[in-house]
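*Asks:* A single structure is presented below for examination.
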Amino acid sequence: MRERGRAEGGRGLAVRGAGAGRLAGPAEAVRKRAPRRAAGWRRRCRPGCGAMRGGCRLFPLLLLALLRGLCHGREPAPGAVTCGSVLKLLNTRHSVRLHSHEVKYGSGSGQQSVTGVEASDDANSYWRIRGKSDGSCQRGTPVKCGQAIRLTHVNTGKNLHTHHFPSPLSNNQEVSAFGDDGEGDDLDIWIVQCSGTYWEREDAVRFKHVGTEVFLSITGEQYGHPIRGQREVHGMPTANHHNYWKAMEGVFIKPSTDPAKHDEL
């Protein structure tokens, strides 16, 4: 017998004898492979379409699930707002951030004014989350829905406050910033109203004043000089779409004894 012929192009099946110089036809190829199958030879999963057949179906199903996750998956929720965090609050109806500055009202209480501004990079829009009394809101603990808090303006140390004075533009209830170094009075306390267990950073929430039962609101009235274009912030007695707020930029403290552990946005 002559030596086994060399397969042309590296692909054909070589046969002995007179047919050694040609490629085996389909029927011959099947006959040549049959003993290997009879001996228990099985295909192995290979990348590509071949992996879709026979016992290799698990791999493409897992791959499909992974691709779906990459294409359609959402990022996990960023988590709850925590005590001690410093953040900006966006009114979702009017797209302005809660703001204060060393400008006093010319009417009403004459206290430091609180407004809404469109700019996202104004340092006077940062507020610190604090409890209603010392120790009631430990640093890094998630704020619960229904919890009483104070919002302290970072740059001036005054608390978000309201009382029975009319607001200058809409004649709703005036909202001001009051106190010194974070200490004011009982009219600085607000209840966080939300639908879940905790105040989540991606959720819109309401702030209801404990002492007068109004909601922190904006309805769009704009001031003139010296704070031209800024919106009036006031208290309203009814819950509606004007009093939804969302946590935006800030430093969110994680539950930890290490002050260096926090998320910065």
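Positions of Cβ are set from backbone N, Cα and C atoms, glycine also.
According to TrEMBL, the record shows the following:
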DOMAIN    78-132  domain 'MIR'
DOMAIN    140-195  domain 'MIR'
DOMAIN    196-250  domain 'MIR'
*Asks:* Pull the DSSP breakdown for the domain 'MIR' (140-195) and write it out as helix, strand, coil residue counts.
*Replies:* 3 helix, 28 strand, 25 coil
*Asks:* Report the DSSP secondary-structure composition of the domain 'MIR' (78-132) as helix, strand and coil residue counts.
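*Replies:* The composition, in the requested order, is 3 helix, 28 strand, 24 coil.
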*Asks:* Averaged over the domain 'MIR' (78-132), what pLDDT does the prediction give?
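*Replies:* Mean pLDDT for the domain 'MIR' (78-132): 96.
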